[in-house]
């Protein structure tokens, strides 16, 4: 489900130029001649003349929208007008939007339907929009001289770019994160009160319990996605980007000194770096979509140090079929022979990371060598992990995170837990022994196969998993539980959501709101700043879009899943409005022992307004 939600969110937000701009290799010049028309075009728009598709060519601007929601606008375009757009981009200004298409025919159809169309009491205006400029080339043009920009700009180190708190004692890191989460909760409460005037009385007992520390502070990341590029000296490096393409940066730095990367992952990056440097094929260059080696995913196991999965991301558009076969063969032979100390690749995959086709959610992978999966352990349960499946980055921290989620959800022997965005089934199986049954849904079929295997492998029989879109399954899962409960028997449904960084799509929130059988919801977020949008949607008054009683927050707990970085995981227990008054089974006054972080009561008279 995480993959699905990310794709949906990307449709709504402005794409970075690295994702949406396709270009060939070019020198940094102010002007470039179009080989077809002979016209001279600015370099920041040179990507439009390339051979690869970009929907920026077929973009329109729709004005006079007034105040609108992206979801309802998308519904108008897709469901009512039957327009096949590739993405919507809505700037902060809320009276217009850009819509991109995949062909001139679709663009012209949209212009004819939208221009003059009456929607929400307004007459829409639609016209062809200018393509977005390549931000890297734009910044270089604005600077006037590339060499001066690069020499005068202080480049961040890899530590500053990826783990900015690494120079701070861990106790101080927790204090800083605790302060940040308090401010975030305060802002959320203020916004919810503005959105729902009846919420104040339901927020009087809402409390934030502070930050729980991670059992593992160094080397905890079991999944790392490295970029292949060049450092400031022009050397090929497999590591982390020091900045974004949109900010004008393409430099990559090594990861050897980073404290949050395990030694096995560092070896994976170094070994791949050596391979790329010796290969006749080139590292990928985002300035012109030239080259081949683009990225490397490294997955490690905390329970079995001999398991190391490498997924080599190759940009294949510049390769012939024979060249691609040669590259794969070279990769396979290299990793089947190389072994250094305790480190050896146990699972090798190839991933095709060229520009995605229409409707393609993830870049496909191909198994090249070794085992097809790796295994790890959470809550004493063994989990099989496929290359693209979601698994918590910090395995030791996941034990703390899931236990706290179980404590807050407080399932009973007769409870049913709905695991929305279930991935490989880690949350579902952790909850299984505490409730009657768990129903999980996930958009990625391979992840569901892993979840089913994991349930059988751990001898757990009260879990059922569905491959599909959560929007379509939430209501049906609730009906299945309702109809399967004998008359007179207690009905207790608890939903647990652990969405991607972008949060849940508003359709999923609407489905949860409409499912009246769900009385309690545990929301786990790896990006609390973005998740606030979902939290507000859960607490909005009933409306045509959000049916059913609102959910109000009861308890919030942060878990430091990402030591040395500024990121923090947040768990919030939500309950239905009517359910809040009926709670008798959970003691909400129990304090939690924290590292330099006490319990903070979120009372209406202390945190009211922002």
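Heads up, the Cβ atoms here are built off N, Cα and C, so glycines get one too.
As annotated by TrEMBL, compositional bias 'Polar residues' applies to 1-13.
Per TrEMBL, the feature region 'Disordered' maps to 1-42 (among others).
Sequence annotations record features per position, and here TrEMBL assigns compositional bias 'Basic and acidic residues' to 20-35.
Under the heading domain 'RRM', TrEMBL lists 67-131.
Look at TrEMBL and you will find 134-170 (among others) tagged as region 'Disordered'.
Residues or ranges marked as S-adenosyl-L-methionine binding site by TrEMBL: 392, 442, 498.
Long-range Cβ proximity for residue 526 (active site, nucleophile), meaning a same-chain Cβ under 8 A and a gap of 6 or more residues, is found for 500, 501, 561, 567, 569. Look at TrEMBL and you will find 526 tagged as active site, nucleophile.
Each residue of the domain 'RRM' (67-131) gets a DSSP state, and the totals for helix, strand and coil are 22 helix, 18 strand, 25 coil. Max Cα-Cα distance over the annotated S-adenosyl-L-methionine binders (392, 442, 498) is 15 Å.
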